[in-house]
Amino acid sequence: MGEKRPFVSAIVVAAGSASRMEGIDKQFAPVGGIPCLARALLCFEECREIGEIVVVTREESIAKVADLCARWRLAKVSQIVRGGESRQQSAAIGLACLDGRCQYLAVHDGARPLCDKALIRRVLRDAIAHGGAAAAVPVKDTIKVRGEDGFIDSTPDRATLFACQTPQIFEVGTYRRAMEEALAQGRDYTDDCQLFESAGRRVYLSQGSYQNIKITTPEDLALCEQILAVRGE
């Protein structure tokens, strides 16, 4: 008999203000005819390793997200909850809603609609091996550190630089302890890897995908459409 798979929960965070979207609500903007958030959720819904999904969104979007989940038959979505003032607070709210069987937690941006099952499985495999893992891709541009005077201060070695994506997957016990400590000490991290590292744990960087873009501006929606066209979707 094969080894029993761990119970994996996913928190999909879709509570941002979308301040750079020029009035477009990116959660519900169509990407290849499917709402952005629905695409992100479907990826986890169709991944057999995922046991449940908790969606964290804005209070005014809860009813609309519930309708979206019903329309796209997202049976793994167990709860849809109101997010907090920051990403970390939203993740903490989602964490409190997880099934008690949860052993590993996947955190994903609802604004990344082009994630795929192979990517989720790759990150999960590495998280099980190392305790925590995150999708990441090598940066393509030369990165400069700018000084306070506006001039270049230094140029990091590009070979060591990676752009972190989601999903980011962690052993839930360590993640929970790190979250509790951060909240108690008033520390607020913008990235779940930073939170996990604050507990003294290292995070493995898994092979991400350049197609796994985060929709931040209207131009990103157009880029997603181009990627889908190349895929033939």
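Glycine is treated like the rest: Cβ placed from N, Cα and C.
Copied over from TrEMBL, here are the features:
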type	residues	note
SITE	R20	site 'Transition state stabilizer'
SITE	K26	site 'Transition state stabilizer'
SITE	R158	site 'Positions MEP for the nucleophilic attack'
SITE	K214	site 'Positions MEP for the nucleophilic attack'
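Residue environment of K26 (site 'Transition state stabilizer') contains 24 other Cβ atoms, counted within 10 Å of its Cβ in all protein chains. In the three-state DSSP scheme, R158 (site 'Positions MEP for the nucleophilic attack') falls into the helix class.
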